[in-house]
Amino acid sequence: QGIGSPSVYHAVIVIFLEFFAWGLLTAPTLVVLHETFPKHTFLMNGLIQGVKGLLSFLSAPLIGALSDVWGRKSFLLLTVFFTCAPIPLMKISPWWYFAVISVSGVFAVTFSVVFAYVADITQEHERSMAYGLVSATFAASLVTSPAIGAYLGRAYGDSLVVVLATAIALLDICFILVAVPESLPEKMRPASWGAPISWEQADPFASLKKVGQDSIVLLICITVFLSYLPEAGQYSSFFLYLRQIMGFSSESVAAFIAVLGILSIIAQTIVLSLLMRSIGNKNTILLGLGFQILQLAWYGFGSEPWMMWAAGAVAAMSSITFPAVSALVSRTADADQQGVVQGMITGIRGLCNGLGPALYGFIFYIFHVELNELPMPESPSGGSVVAQYHLQQNSIIPGPPFLFGACSVLLALLVALFIPEHTNLTVRSSNWKKHCGSHGHPHSPQAPGEAKEPLLQDTNV
């Protein structure tokens, strides 16, 4: 089944088509969200994304374990289908559209299955480059698609954009059915489909329970939680904030995403490698956290569009934090515990994907950052009249959640100061082996948590 032998390029095409389809809908989604929930836009957006994130966190281990038994292709098909299922509902029924988005979080774990697919077909020394290719493809799909969607929506209407996104999603499903071969070798699968799945494999909190068993990994995990919680909330609401509060046009939001994506790719490749060689692993993490504090504070106090653009350039530099953390974690743990410690980081990030959006929406709601009317025509200065009115009302702190996020990252920076640059791997290895059992599935060539998540998360935006 499928065309040719399994390759990384099959996984890359699946990821590109799925997120290109969602990227086209960036501008229409922001409009439909505000029209559907005009009074509590940010709160409802946070709840929808929060429910989706929590469901993804709870279901990811189970789907990963089942794919170890039944193969990757069927679960690629399942996750892509349910992730893209809400797309045609945008114009049919907005209420059902947002309801299905939140529930689709149960299957919105395409990256987990894709990384398992890549692990099946690559050697260990090739894996990091293959994961980088998948993550870069994800970023590339979001660099181009929001701008295309905004242009088509302005020229031909949002209905055409929804139809085009639906067609691309169907193309992705057909590509998986026809062209993607199964990557899990037949000998790795059990004899029957009724093979038992243990609770340890399906428990989403299994990796988190091991966090406190090593003080250094505990410090790293606390740093990740405090720094990624505001980042997850920011991804869920920031483009809506630009559109509705800062008065950005659809084209400006699309251009912002494109510029931020390109700068992030440069920061995560060229700049990151230079920093790791020159100032070391730990100092690179501290520098990234410092940039993140500056970026969030600028978003929080910024009241002009140029401030958002300037802070966006700083945000690209802050994207070096997670690759540096992943590298530090891989050096801290012994070779046979890589999957366990990377699984902890992945679990914490998954938990933040649920808590962050809900927290941001709640803070927006507390501080009454709302629009009670639809956006009015743009004024000559470039911002909408409604947006300017609300900025006057909240002139001291236009974006309260971003300021809260800056405080959270400041705590992460203080915790990260206590992480040692070099550790004794011999002592730590015996410590891990004493506390941790085998974490991977017997039929899996790699523990699900070993895959490094991309910096841009599996979200609608």
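For all residues, glycine too, the Cβ spot is worked out from N, Cα and C.
What TrEMBL says about this protein:
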{"type": "DOMAIN", "residues": "7-424", "note": "domain 'Major facilitator superfamily (MFS) profile'"}
{"type": "REGION", "residues": "434-461", "note": "region 'Disordered'"}
{"type": "TRANSMEM", "residues": "7-27", "note": "transmembrane segment"}
{"type": "TRANSMEM", "residues": "47-67", "note": "transmembrane segment"}
{"type": "TRANSMEM", "residues": "74-90", "note": "transmembrane segment"}
{"type": "TRANSMEM", "residues": "96-118", "note": "transmembrane segment"}
{"type": "TRANSMEM", "residues": "130-153", "note": "transmembrane segment"}
{"type": "TRANSMEM", "residues": "159-180", "note": "transmembrane segment"}
{"type": "TRANSMEM", "residues": "216-233", "note": "transmembrane segment"}
{"type": "TRANSMEM", "residues": "253-276", "note": "transmembrane segment"}
{"type": "TRANSMEM", "residues": "283-301", "note": "transmembrane segment"}
{"type": "TRANSMEM", "residues": "307-329", "note": "transmembrane segment"}
{"type": "TRANSMEM", "residues": "350-367", "note": "transmembrane segment"}
{"type": "TRANSMEM", "residues": "402-419", "note": "transmembrane segment"}
Ask   = Looking only at residues six or more beyond either end of the transmembrane segment (216-233), which have a C-beta under 8 A from one in the stretch?
value = 46, 53, 285, 289, 292, 296, 321-322, 325, 328-329, 332-333, 341, 344-345, 348-349, 351-353, 355-357, 359-360, 401-402, 404-406, 408-409, 411-412, 415-416, 418-420, 423, 428, 457
Ask   = Between the transmembrane segment (307-329) and the transmembrane segment (159-180), are there at least three Cβ pairs closer than 8 Å, leaving out pairs fewer than 6 positions apart?
value = no
Request  = Return the stretch with the most CB pairs under 8 A relative to the transmembrane segment (253-276), choosing among 47-67, 159-180, 283-301, 402-419.
outcome  = 283-301
Remark   = The answer for the transmembrane segment (402-419), taking Cβ pairs under 8 Å and residues 6+ beyond its ends, is 216, 219-220, 222-227, 229-231, 233-234, 282, 285-286, 289-290, 292-293, 296-297, 299-301, 328, 363
Query = the transmembrane segment (7-27): which same-chain residues, six or more beyond its ends, come within Cβ distance under 8 Å?
reply = 76, 80, 83-84, 87, 90, 110-111, 114, 117-118, 121-122, 130, 133-134, 137-138, 140-142, 144-146, 148-150, 152-153, 158, 161-162, 164-166, 168-169, 171-172, 175-176, 179-181, 239, 243, 250, 253-254, 257, 460-461
Residue numbers, six or more beyond the limits of the transmembrane segment (47-67), whose CB comes under 8 Å of its CB atoms = 74-75, 79, 98, 101-109, 112-113, 116, 184, 197, 201-204, 206, 232, 236-237, 347, 350-359, 361, 441, 448, 458-460
